[in-house]
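K.L.:
Quick one: the structure is below, and I'll ask about it shortly.
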Amino acid sequence: MTNPRTTSTSRTAQAAATSAAGATSAAPAPQGSAQAPPVRALAALEAARRRTELLTDSVDEHDLTAQHSPLMSPLVWDLAHIGNQEELWLVREAGGRPGLRPDLDHVYDAFRTPRADRPALPLLGPAEARAYLAAVREQTAEVLESVDTGPDQPERLLADAFVFGMLAQHEQQHDETMLATHQLRVGPPVLDAPEPPPAPADVALLPREVHIPGGAFTMGTSTEPWALDNELPAHSVEVPGFWLDTVPVTNGAYAEFIAAGGYDEPAWWAPEGWRHVREAGLVAPLFWDRDGEGWTRRRFGRTEPVPADEPVLHVCWYEADAYARWAGRRLPTEAEWEKAARHDPATGRSRRYPWGDADPGPEHANLGQRHLRPAPAGSYPAGAAPSGARQLVGDVWEWTASDFAPYPGFAAFPYKEYSDVFFGPDYKVLRGGAFGVAPVAARSTFRNWDYPIRRQIFAGFRTARDEETPGGGPGPARGGGRG
Ligand SMILES: [Fe+2]
């Protein structure tokens, strides 16, 4: 399988097949769902398929086969690639069966053909692709019934139904990629979803930043059954005390950076970021347009005023980094982000999620494409971390200062191309997951990565500062404005 997020020209959403088994946190606490592995696996695969169908049934044949951006594959490529990876890993590898269409492997190998070149491949048409997915799924269900997926199964791929969970995450990651394609598509809207809940009443009272005390915490996991190789193993990391924005940086705060001439002042930008912003002519987040003194944005085919209180979206790492410098702050490191999201100072252990170990519910976070936008900054008090930080999971991916690197003791599983080939300084880590990320891939150890110039992904950020750096103070949470 390939990692959708990475492979090829764009690194974007993550879809890809993935890897490893492991679990979360070094601490006790049972991990994973209370459901038996085959039940959980089937439910996860079915949830992914319903979303795949929603994203591909909502457009006509032309939109399925067209390339809406050279950054993305035609939707019909993602569709059949989902089936091909499922055939490879669940039918052939896990089931030991001959498979249905091994002749398609080269067409849907993401490493073989960059996204920009995929329209030229001999792709299955929409009807053929749908029939193929259904036929593969039928065999997958038979395999799932016939293999032992218990925790004591010696074959690591099968234990706790890992490989089935890996494929459910793979399909959901391609669904996120397809959602990004929908956002890039030009034409009338075809997707619809309810609005997220309004901001809770206490938003105006939130502190602008929260304090994370210094000390060691457990990063990564060795117990979460469906964790991927790059999340393993659990290990102790010393993180000095720091301050972190209570909520992600908002559109309103980001617009202040623009109004203050942020895109014209090289002092705020990393040298390579400054070169990029000049060459690419960037003046605002992707999908924003000037409207008099204000801004509008295009969102899944609709044009609307940019909502000031919503976390900013579609900014690249360089823009996030420049904003933070302008604000007298910096991006948090990946370890700082994870400590803020998981460490419980009361018990000393790392949680699966900011709110605890329970799987995400609608009260905790904006996930799963339930809504087609981030919720207002300060939403989801029930999903707050022990520090009081909100929306660490859901709403927007958050850029961190860190390059994508292996944890000490990393071992590629089940194949090197999931993570190993991407480690290094070319990619920056994103954490937390956006509104289009499925709960099955939103645990707080999950790591995403992309090029620092990427903007079509659903990424925003929050800022941090060292304990000794002045700033902060009481003021209301406004998503990291100048302080
Ligand atoms: Fe993939």
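Residue 1 is the first one shown; counting continues down the chain.
Even glycines carry a Cβ here, placed using N, Cα and C.
Because TrEMBL annotations are produced automatically, they should be read as predictions rather than curated entries.
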K.L.:
Check TrEMBL for me: it has His170, His174 binding Fe cation, so pick out which one of His68, His81, His276 it puts in that same site.
P.N.:
His81
K.L.:
To what whole number does the mean pLDDT across the domain 'DinB-like' (44-178) round?
P.N.:
96
K.L.:
For the C-alpha pair, I'd like the distance in angstrom between Asp450 (gamma-L-glutamyl-L-cysteine binding site) and His170 (Fe cation binding site), rounded off.
P.N.:
17
K.L.:
May I ask for the distance between Ala116 (gamma-L-glutamyl-L-cysteine binding site) and His81 (Fe cation binding site), taken between their Cα atoms and rounded to an integer number of Å?
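P.N.:
Given the Cα positions, Ala116 (gamma-L-glutamyl-L-cysteine binding site) is 15 Å from His81 (Fe cation binding site).
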K.L.:
Counting only residues 6 or more past its boundaries, what in the same chain has a CB within less than 8 Å of a CB in the compositional bias 'Basic and acidic residues' (337-346)?
P.N.:
25, 210, 212-213, 217-219, 237, 239, 244, 352-354, 385-387, 389, 392-393, 398, 400, 431-432, 444-445
K.L.:
Can you tell me the CA-to-CA distance separating His170 (Fe cation binding site) and Arg118 (gamma-L-glutamyl-L-cysteine binding site), as a whole number of Å?
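P.N.:
Given the Cα positions, His170 (Fe cation binding site) is 19 Å from Arg118 (gamma-L-glutamyl-L-cysteine binding site).
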K.L.:
When the Cα-Cα distance from His174 (Fe cation binding site) is computed for each of the binding-site residues Arg115, Asp117, Arg454, which gives the smallest value?
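P.N.:
Closest recorded candidate to His174 (Fe cation binding site) by Cα: Arg115.
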